[in-house]
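Only one structure is covered here, and it is reproduced in the block below.
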Amino acid sequence: MTGNEKNFNHSKTKKVLVLGLAKSGFSAAKLLHELGALVTVNDGKPFDEKPEAQELLSLGVKVIAGSHPIELLDEEFSLMVKNPGIPYSHPFVQKAQELGIPVITEVELAYEVAECPIIGITGTNGKTTTTTMTGLLLNAGDLPGTARLAGNIGYPASSVAQEATADDKIVMELSSFQLMGITDFRPHVAVVTNIYEAHIDYHKTRKEYVKAKWHLQQNMTEKDYLILNWNQEELRELSKKTKATVLPFATEQKLPKGACSLDGSIYYNQEKIMDITELGVPGSHNVENALAAISVAKLYGISNEAIKNALHHFHGVPHRTQYVGEFQGRKFYNDSKATNILATKMALSGFQLDQLVLIAGGLDRGNSFDELIPALKGIKALITFGETQNRLEDAGKKAGIPVIKTAENAEAAVPIALELSEEGDSILLSPANASWDQYPNFEIRGERFMEAVNKLTIQK
């Protein structure tokens, strides 16, 4: 193991409760056990739904599944590692706080054992693409070691931190849920792609959501770098409240320093790197993502040529305006990661709307779709599904969309979209909603959509 064990204070002879046995909980429990902690894992789902439980039991880790017995938690525990999705209103979390037990998320644990620099990336939208681009650019240079992706992107941070060497860099996608549970976490480089209203059902207010995002920089010093979207006034104001060295990036404006785009080209410190048309992914939002990633790459001395070549050959990540395939002259795109209105608006900006059939819908969080209406104007057809299908249909009517249909789910919308389209059109799944009304997560939603598209080619 390559982790920096001497930094970790909750290991030998210490009792630790891991709450939630998802990917991050499983990895955290294994790491803590290896560090010598007395680990107890608790998950509300029964054993037969948690195959990881058997592996932990074989290691000697205590696992309690199927319920949350409140008497399990007492003052003998020195730490709780909480799954990011579990709210702070959970009885276990509240009891831990009452007992004075620190409550962290797995990314804090990863920081404690990591021997290499961490690049932390957060924001409402663009986190995954920016994280992927950043890792790609860092690995395109001649740097020692490897840039390793971790965090909310799907690779448990504690596992990656264990495996990383001192020459590596960990590029970590961080959600607001994860950032609420940090104490000493300090990235050497941090990126905030943007901040818009989101996850109010979890954070209760926009102020609390922004506060969680801003935790990213709370331990940074002038020796660290904070890369911010200068198009957002809110981030420009927040930049005055950090000790880190601030590096801006912006679209459609000239910056004396930093990454920017202007008149169809991308620049860094006023030196042209590439034309926007040379990017391998479409859309103005992906220009922003590229600028953020370039900002990190230039800090590490990556050449303009390496950046240009890597971004030209990067065609996106799964479920983010992902090209699925073509059938009967129609191109299909999977943007299942678009779990909010802004993400769908950004996706729409990359398409010719009069040749686009949009598939949207999902979990009803009570959001108004009025702000989506301007972006819907000009679309050829709209297919809605899920809990929000009726309200999205109303928004489509207000936008003047000539053809609006409903479907049972995302995959059922595929043959309907085929009927409503013609050769040369694009069909885009960009739900503008979370997936949990019909699917376990946005990845499964996207996979079901892609399976339905692939069936078309088999049946032809």
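In case you wondered, yes, glycine gets a Cβ from its N, Cα and C as well.
According to Swiss-Prot:
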BINDING   GLY123, THR124, ASN125, GLY126, LYS127, THR128, THR129  ATP binding site
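DSSP assigns ASN125 (ATP binding site) to coil, not to a helix or a strand. Same-chain residues that are not part of GLY123, THR124, ASN125, GLY126, LYS127, THR128, THR129 yet have a Cβ within 8 Å of the Cβ center of the ATP site turn out to be ILE121, THR130, THR193, ASN194, ASN289. For the binding-site residues listed here (THR124, ASN125, THR128, THR129), the lowest count of other CB atoms within 10 A around the CB belongs to THR124.
GLY123 (ATP binding site) has a Cβ environment of 28 other Cβ atoms inside 10 Å.
Long-range Cβ contacts of GLY126 (ATP binding site) within its own chain (separation 6+, distance under 8 Å): THR193, ASN194, HIS285, GLU288, ASN289, ALA292.
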